[in-house]
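Here is what TrEMBL records for this protein:
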type: BINDING; residues: Pro163; note: substrate binding site
type: BINDING; residues: His193; note: heme b binding site
type: BINDING; residues: Thr194, Asp240, Thr243, Asp248; note: Ca(2+) 2 binding site
type: DISULFID; residues: Cys35-Cys115; note: disulfide bond
type: DISULFID; residues: Cys68-Cys73; note: disulfide bond
type: DISULFID; residues: Cys121-Cys316; note: disulfide bond
type: DISULFID; residues: Cys200-Cys225; note: disulfide bond
type: DOMAIN; residues: 25-320; note: domain 'Plant heme peroxidase family profile'
Amino acid sequence: MASSTSGHCLFISLLLLSAGAAYGQLSTSFYATSCPGLESTVRSVVSSSIASDRRMGASLLRLFFHDCFVQGCDASILLNDVGSFVGEKTALPNANSVRGYDVIDNIKAAVEASCPGVVSCADIVALAARDGTVLLGGPTWNVSLGRRDSTTASKDQANSDLPSPAAGLSALITAFANKGLSAQDMTALSGAHTIGFTQCQVYRSRIYNDNNINQQFAKLRQSNCPATQGVNDTVVAPLDLQTELTFDNAYYGDLLKNKGLLHSDQELYNGGSQDALVKKYSSNSAAFFADFVTAMINMGNISPLTGTAGQIRANCAVVNY
């Protein structure tokens with residue numbers, strides 16, 4: 001009787017699992033049978049990429065953020081402009097700025113070699129973001145998988161929904177709330193700026209016009225970012241003054257000293273609602289890491305295409321026809 005009951009329970013469990021898949025539940029074991037070597041394949045390619053360019057870890061993390069904030073985590077950011085099809089790569093926040101497309105293509109090629117037609121580009125982007133974080137010293141987490149790839153993109157939404165580096169705290173909180181993310185998620189995700197760089201044209205206004213900036217820091221950044229628009233526009237500076245290529249909590253310490261490079265960074269610590277959390281993260285890296293992981297999982301759950309929606313692109317840059 002016990003074995004019969006066990007068998008019945010197993011059958012019910014399988015029914016529930018299949019129902020979950022049909023209704024689009026993401027799962028950390030989604031490819032356990034269909035592509036068991038997936039995560040090691042992704043990790044290998046990301047590791048090689050970071051070995052030759054440590055900035056790539058930050059770029060892959062940013063790629064995931066810019067994907068999820070536009071139509072959800074659906075790899076729409078990877079689609080090229082082809083004929084009358086307009087993608088998101090030329091949107092203002094992405095053009096000549098977002099990097100890592102080639103790394104995603106390399107991962108896709110490696111995955112297709114062992115599991116053809118199985119793994120979505122959207123899931124590859126999610127895994128690459130996690131691995132880029134881990135390989136630069138950040139926390140790890142189990143990535144829920146089962147996203148499918150969009151057949152559409154929205155340049156307009158990329159221009160409107162991605163938070164501006166010039167945004168104030170209220171606008172930032174609203175932009176994240178519009179995606180189902182809390183103010184805490186926003187402040188934790190902003191800690192991704194502990195790695196990576198940004199261009200002079202993005203932070204110029206901050207270092208010449210803001211009052212809540214350490215003057216010595218401003219002068220340091222002004223030394224290779226002139227006030228004149230069009231001069232040194234693409235020269236980059238690290239978002240984290242102290243440990244630019246290590247994922248840690250130093251970014252928050254920069255904010256306490258008014259050394260945030262972007263206006264939107266310093267808004268997190270400027271007499272507003274997030275001040276206490278910034279202080280907490282600056283002195284407690286474990287708390288930051290834990291909240292960052294939670295926020296990354298929450299962001300990865302923004303409007304995924306699942307079940308039979310979307311497709312599994314053969315080439316991440318173009319829709320299957």
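Cβ atoms here come from the backbone N, Cα and C positions, even for glycine.
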Mean per-residue pLDDT computed across the domain 'Plant heme peroxidase family profile' (25-320): 97
Hey, how far is Cys225 (disulfide bond) from Cys121 (disulfide bond), Cα to Cα, in Å? 36
Pro163 (substrate binding site) and Cys68 (disulfide bond), compared by Cα position, are separated in whole Å by 12
Sorry to bug you, but what's the C-alpha spacing from Cys115 (disulfide bond) to Cys200 (disulfide bond), rounded to the closest Å? 42
Please identify, from the binding-site residues Thr194, Thr243, the residue with the sparsest Cβ neighbourhood, meaning fewest other Cβ atoms within 10 angstroms. Thr243
Work through the recorded positions one by one (Cys35, Cys68, Cys73, His193) and name whichever has its CA nearest to the CA of Asp240 (Ca(2+) 2 binding site). His193
Taking the centroid of the Cβ atoms of Thr194, Asp240, Thr243, Asp248 (Ca(2+) 2 site), which other same-chain residues have Cβ within 8 Å of it? Ile195, Gln242, Glu244, Thr246, Phe247, Asn249, Ala250, Tyr251
Nearest by Cα to Asp248 (Ca(2+) 2 binding site), of the disulfide-bonded residues Cys73, Cys115, Cys121, Cys316, is Cys73
Least Cβ-packed of the binding-site residues Asp240, Asp248 (other Cβ atoms within 10 Å) is Asp248
At the Cα level, what's the spacing in Å between Cys73 (disulfide bond) and Cys121 (disulfide bond), rounded? 10
Nearest to Cys316 (disulfide bond) by C-alpha distance, among the recorded positions Cys35, His193, Thr194, is Cys35
Spatially, which candidate from the recorded positions Cys35, Cys68, Cys115, Cys121, His193 is nearest to Thr243 (Ca(2+) 2 binding site), comparing Cα atoms? His193
Please name the residue among the disulfide-bonded residues Cys73, Cys115, Cys225, Cys316 whose C-beta has the most neighbouring C-beta atoms within 10 angstroms. Cys73
C-alpha of Cys115 (disulfide bond) to C-alpha of Cys121 (disulfide bond): distance in Å? 13
By CA distance, which of the disulfide-bonded residues (Cys35, Cys68, Cys121) lies nearest to Thr194 (Ca(2+) 2 binding site)? Cys68
